[in-house]
Amino acid sequence: MTPLQSTPEWVATAPAIVLALTGLALLLIDTIDPDSTNNGLLAGTATLGALAAGGIAGWFLIGGTGMESTGGAISLYGDALVVDGMSLFFTLIFTSVAAMVSVASYDYLADQRYQGEFYALVLFAATGMTLMGMSNSLATVFVSLELASLPSYALVAFLKEDRGSIEAGLKYFLIGALSSAVFAFGISLVFAVTGSLVLPEIAASLAEGTELVGVLGLGVLMIAGGFAFKTASVPFHFWAPEAYEGAPAPVSAFLSSASKAAGFVVAFRVFTVAFPLGTVTSIGGGSVDWSLLFALLAVVTMTLGNFAAATQQNVKRMLAYSSIGHAGYALIGLAAITVDGGAANGDVLGASMAHLFVYGFMNTGAFLFIAMVEKWGLGRTFEDYNGIASKAPIAAAAMTVFMFSLAGLPPFGGFFSKYALFFSAIESGFWWLAAVGAVNSALSLFYYSRVVKAMWIEEPSANLEIGSQPVGMYVAIVFAAVGTVLLLPGSQPVIETAQTVAAALF
Amino acid sequence: MIIEALIAVTFLAALVTFVLPDRYAGKAAFALSLAPVVGSLYMWQQYDASGNALLGGNIAFETDVVWLQLGQYDIHWMVGVDGISMPLVVLTTILTTLAIVSAWTPISERQSQFFGLMLLMEANLLGVFTALDFFVWFIFWEAVLLPMYFLIGVWGGPRRKYAAIKFFVYTNIASLVMFIGFVSLVFGLGDSITSLRLPEIAQALQAGQLGSFAGLSAGALASVAFIAMFIGFAVKVPVAPLHTWLPDAHVEAPTPVSVMLAGVLLKMGTYALLRFNFTMLPETARAFALPIALLAVASVIYGALLALAQQDLKRIVAYSSVSSMGYVILGLIAYTTYGVGGATFQMVAHGLISGLMFMAVGVIYNTTHTRMVGDMSGIADRMPVTAGIFVAGAFGYMGLPLMAGFAAEFFIFKGAFESTVMEAMPLFTGAAMFGIVIVAGYLLFAMQRTLFGPFRFDGDYDITEAPFHDVAPLAVLLLLTIVLGVSPDIFFTMIQDAVTPILELGGAF
Amino acid sequence: MAGILDFAPAIVLLPFLSFLIALGAGRYMPKGGALAGIGATAGSFVLSIATFFAVSGGQTYNQHIYTWATGAGDAVSLDFGLLIDPLSSMMLVIVTLVAVLVHIFSLGYMNDEGETGLPRYYAGLGLFTASMLAFVVSSNLLMAFMFFELVGLCSYLLIGFWFRQQGPPSAAKKAFLVTRFGDYFFLIGVVAVFATFGSAAFAGPEAFPVLAEEALHGEHAVNTFLGMGEQAWFTVVGLLVLGGVVGKSAQFPLHTWLPDAMEGPTPVSALIHAATMVAAGVYLVARMYGFYALTPTTLGIIALVGGFTALFAATMGVVKKEIKQVLAYSTISQYGYMMLGLGVGGYVASTFHLLTHAFFKALLFLGAGAVIIAMHHNENMWDMGGLKEKMPVTYYAFLSGSLALAGIVPFAGFWSKDEILYEALNHGLGTDGGLGTVFLIAYAMGLIAVFFTGFYTFRMVFLTFHGEPRSETARDPHGFGWNVKFPLAVLGVLAAVTGLVNMAPVEDLTGIHLTFLHDWLDGGISSLTAHHYLEVLESGVGAGLHPAGIGSIAPGLVSLALALAGAGLAYRLYNVPEPVEHTDKLGSIKTVLYNNYYQDEYQVWIATGVVQPISRALDKFDQGIVDGVVNGVSSVSLFAGGRVKRIQTGVVSNYAALLTLGLTALLLGLGLLGGWFA
Amino acid sequence: MVPAQYYLVLSAAVFCIGIFGLLTRRNALLFLMSVELMLNAANINLVAFSYYWGNVTGQTFGLFTMALAAAEVAVGIGIILVLYRNFDGVDVTNATTMRW
């Protein structure tokens, strides 16, 4: 069944539209009944909206919308947007994360004010991310990136009485503003060189060559910087530890999973479409070899993230750093692209996408577990986690799944995606990159297992008491856990889709 | 399908045990674990394979379906057994059941989790020994770590957390090194293979399909991959000097876990060495004969001498495992029927005997609550049966004829001595064989000081004979050891059948 | 009586059965399984006799009975087989007879003394006998090694029978460990034999001695290793196997375990010394004599070791206080003679001595056992004396044994020992080159040892039985029944008469054919006959021995005279009502002798002074360096992590600065290295 | 007319001024202003080169940038407001409860 045979093309952006409308709907509900504490309705609406969008994306994906099977990518609005396999694939990530976050927030936000705004912001951010996935022009890239960022700033600083939240918001915002400025400047430079903002046209004009190689290089570097900010990669990562630590845990989950993925999808598209490696590495006597750049960033990012995470005392902050480390893994997808890579390019990029997909589940789940612990009023340090398993075995088991999956152990999705990534990296000849990744993931095993150790092995402190059993959070966490587990036996559709849609970019 | 059934049943047994109340968990786990035992014995009785699974022999109970596609390669769900894996499968199921019984006494808290994890580990181990696709195999290989981590970390001794994490991270790094080495080998084969099935890869390598990759010529690539894989597996074996996780893990782990660790987990390493390094890259292996033989001898003598210095009974047995596994390496590098066959036989034999020794130590520990040689003496006076079996097991460990250990060691020595990989192999063999003197030394000393002499015990427990369900597994193991020692052909025939193709391998490139 | 040899396996299996019975049901049986043991060994004895006659009827038996390990493809299979020829059938008789008598004696020694753990004891005896018998009938070297080891195990179990005391377990450990050290070389030898000849059979088409001989004749090639020539390699292999022999037969320098082994029950000592463990070593050399005959070097070493051990042990026997200690050293000494005999090509002579020694040594130990019963388990001879009147049967039996041991005509020991010395002299004078000299040296040592033997033997006799009782228990010794006396009587007679089977000097004197043992050992499988060995010995490829052809009377008289001299001295010194220690006359030598030439000391030193420190040092190394590196890596990474995270200062301005810095760094790095902006 | 390259130099200069200000000022509002400068540096390029390439893409995008800058400021002011409330002041270096 192939959807949209007889429907107008703009329908292809349905996921984004649905998300946006749901956001508006939430605002509407909120205005109708401003000070309602009945967040069941809000959370439900948000979740439904997200799921609906995700459902549509999945339906399109299965139907082959925007893929070779149905006549290739659908580009709209003068090539400003494009709907293809990759955008739909990532839409799936954003929406599923958004859904999980919304469900979990039902409990997290209980007895908080401005809940309508919260959900609306989440959905608007999701919309922005979805659009990032579709952006085919630096203009839309910039706009959608801002559309994803601005709500995020507000979300991070959502707890207005909580100094941590405020500080997190501030740092996130300031670094974000700086990065977007750098990003914008980079765009302007590229425009200066190529005279166009639409990605394919940029590639076309570059193919004709230019004498402003230096300017181009600077522009490319700055654009990469903008993405590095979104993906929390070195050297634009500084906001991440604080933002993730200070923000409300569900927001941390949302940012560290979805927002990161959004950064990657747009990076993937921009660099593969606008700056084809073959073109830019042999241009006007220069070589803007961005795979080298990303190889550098990948190594530094994963190393810094993992090493910093290894010595944390605060679980949430540890996860924040680990999220930086995983950004490093995902960067391998871009780093391992080679001029004459052929199929290998698609493989490694797809593997990176698959990793982000799995990461969406396991990382969101992990942060939501922290949200639950915060809900229980336990501390954030490893000691505070001692013996949780004896009180809440199911949640602890789920958290164990997330931790080991993040560490890349079977039988969990993280194992598959990570090794698929290393596998394809080696395929592209970047065995040393895989080796660095190996060292890092071994180290990560150390600090992830500290959480497990605290929960299962350590003796619970005498006064360990957990309060309610938040239903919504349990649902979200268990869903994430089941997803994480099933993604190993069910890795086939993920990896194959990912590598197919990735191959379509080259 | 029987292999899938075997693994699935074991896995279900684990899940069932998890949800059972602690009270019944032990007994239930035992009852449930009988299913895989029966299954494996049935397999053994129905066993009809011939030749080596990787080298085009016909594989027993084979299933082979495409699971998914990773890059240009298919990943198959491919399982099956040949003469090398069949004995190890039987060993795994039997040893797990006995270990479960031996855990009834020492494990007094969170039983359902403990026994569940034991069964979970069994399921994964069965997967390791039956999987014939690299990725499937690798999943099980890594999955074994999880239950082990908890089993050591939760139920272990005072330094259990340190030991658990050390085991966990150390072996994990090893797996990653091995992974990189093997995968570069795969890509060295390029388009000459379409899947990650081990037989396909092995045969492609034999056919000389290995090309250059990542700037390495075929030969160099083979060497690099060989070294990487060897390091990766040597940690599991363990080969000195990569062994230091083992004593800690053994000492801290509860007895039944030590039994599994020494009895089966170490065999994963040697099994993998045989399957990967020595089957896939025979030429390279021969080229590296000297360093490998040196490592083997070093492990044997070094491990034995270390065991001599220990005061903790468990530590003694732990280091002696390093020593015994050194023999396996020696046998593997020999590339003779008796060498490689004996090495494989030693995997089983050492599995039984080290299991027996650890259990015996555990039974004594259950009553004395100490393992220090100095803390007791004349235990045989109060625990005659246990002591008797302990002595028997110890002599088995020393390689007493008509017990499995002797058969294995003699095969290895014979095979290694007449090996043609090196002019000096007889010297290495002779050097390694001195292990049989040292092993006698430390075991006899330990027994003289703990079991014999006037009864003395610095502790306020009253020492009485162990309950039946503690002694029964010991007796069973002892019986099996003797049966295998009197008639090694039970396994040796099928083992030889599977290893001879390895010896006939010609030039790979 | 054809087909009787098909029952040969039963000879081995019966004692094994008794082992199982005693182990399983011993505690429910009267006398703790003793009767089962007696019945079984008696059955084996009868069968052995039958076998003996069957063999004397010319039958032999070399049968494959069980494939232990089937070698796939061209790999050899490892088999168990039965080889029954004159040698083994003779040994069967010895072993089974001694075993029966020891079992019976044990009734008196153990049961009547209200021992506990009798089932364990009789099970041990049964397994001991079974393993030894299996070793005796082994058809190949591997099987021989395996049961050789089992014999070692049994000796461990029986020596350590009284495990609740301090001494026995230690002695048992030492016995096993020292012999294990020898067996280490033996095992290499076995492996080497397989690797060299592809077979380890003693007899038959693939007999490795025959293959070796043919190889030396250049009829076909065998694998040699380490680039050695065949002769050299065979020497190496022979010496390797000899290691096990030296260990088990308590030859210098691996003799130290044997005196300690006296901690075991006396009947066990009798079994160990007379018929089983210690005999096993010498028997093995005799079994594969065809191989040793090919390598002169090995023969020379065997002869030297034997001669030296004979003298060395005899001197130590002179000063011992405990009756069993004296016997222990006499055993070492006597087996030294056997080695000497084998070394100098006296195959028959040594076998002969093995036979006679089995009887008189068993007798002496059982006699000593009887004395010890009488003395309420006090073994110190200085507390004894005057037991002659109290226990005549024991006395006369013991005396017969002593005369045999001392080598006084016409008792068994004289004939055999004398023949060994004769062979040594004969071949020593005849063989030219270094080997001859070696033989002569060995002969000299053996000859001197005769004097000491006579001395310590009768010192023992006089101190024990003559003079006045020197303690209460000696005045009123503990009585005992037929089960002690019967074995003594039987063995006493045998000790007196066994020598008659091979009276070479008398033959020379009278010309009447009296060397029946020679004929006996000449029968059976051709490659295992005495004359074949002699041919090999005297052939060019072999050791190249030559008899000087001297008469056997003169040497006999010499050794007899020496023995009498020794005995006479003992008579002068100790056959007095109140004998006193004369050891002080020895001066400083005394302490040396008391300390057994510090043999134990240096071996213990090697164990505790060398090996243990090394192992401890290695342990330190392992914990400190090897493991230190591992832990070091982790702590370094964690330290690095602790540093890395410090750049996250928490001040957002610094972040902005670092961010800009990082961007600039990338700019420069890529510009310089990556060739961007070019 | 002025060669396009000069605009590059100009914009670069403005950009660097922005960076300089943001590195030296601890006041959140000044931080924001510096960012505005940097964004406008981008705008200079866009406008200049849209003229150079003879299309309006750059100019349109310039407008976008301004609009987004405004939105950014709106959110930013909000955050700075709560910053003021919680850390009594708008000094960005005060908020350092989380580090390392």
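Each Cβ is built from the backbone N, Cα and C atoms, and glycine gets one as well.
Pulled from TrEMBL:
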| type | residues | note |
| --- | --- | --- |
| DOMAIN | A:135-444 | domain 'NADH:quinone oxidoreductase/Mrp antiporter transmembrane' |
| TRANSMEM | A:12-29 | transmembrane segment |
| TRANSMEM | A:82-106 | transmembrane segment |
| TRANSMEM | A:118-135 | transmembrane segment |
| TRANSMEM | A:141-160 | transmembrane segment |
| TRANSMEM | A:172-192 | transmembrane segment |
| TRANSMEM | A:212-229 | transmembrane segment |
| TRANSMEM | A:261-284 | transmembrane segment |
| TRANSMEM | A:290-311 | transmembrane segment |
| TRANSMEM | A:318-339 | transmembrane segment |
| TRANSMEM | A:351-373 | transmembrane segment |
| TRANSMEM | A:394-417 | transmembrane segment |
| TRANSMEM | A:429-449 | transmembrane segment |
Could you check if the transmembrane segment (A:318-339) is in contact with the transmembrane segment (A:429-449), meaning 3+ Cβ pairs under 8 Å among residue pairs at least 6 apart in sequence?
yes
Taking the transmembrane segment (A:141-160) as the first stretch and the transmembrane segment (A:82-106) as the second, find out whether 3 or more Cβ pairs fall under 8 Å, excluding pairs closer than 6 in sequence.
no
Which of A:82-106, A:118-135, A:261-284, A:351-373, A:429-449 has the most Cβ pairs closer than 8 Å to the transmembrane segment (A:12-29)?
A:118-135
Considering the transmembrane segment (A:351-373), which listed stretch of A:82-106, A:261-284, A:290-311 counts the most C-beta pairs under 8 Å:
A:82-106
Where else in the chain does the transmembrane segment (A:394-417) make close Cβ contacts, counting only residues six or more beyond its ends and a cut-off under 8 Å?
322, 326, 351, 354-355, 357-359, 361-363, 365-366, 369, 372, 388, 441, 444-445, 448-449, 451-452, 455-456, 474, 477-478, 480-481, 483-488, 491, 494-495
Under an 8 Å Cβ to Cβ limit, what residues of the same chain, 6 or more beyond the ends of the transmembrane segment (A:82-106), are close to it?
12-13, 15-16, 19, 39-40, 43, 46-47, 50-51, 53-54, 57-58, 60-61, 65-67, 72-76, 118-119, 122-123, 126, 129-130, 133-136, 250-251, 253-254, 257-258, 261-262, 265, 268-269, 353, 356-357, 360-361, 364-365, 368, 371-372, 472-473, 475-477, 479-480, 483, 497-498, 500-502, 504-505
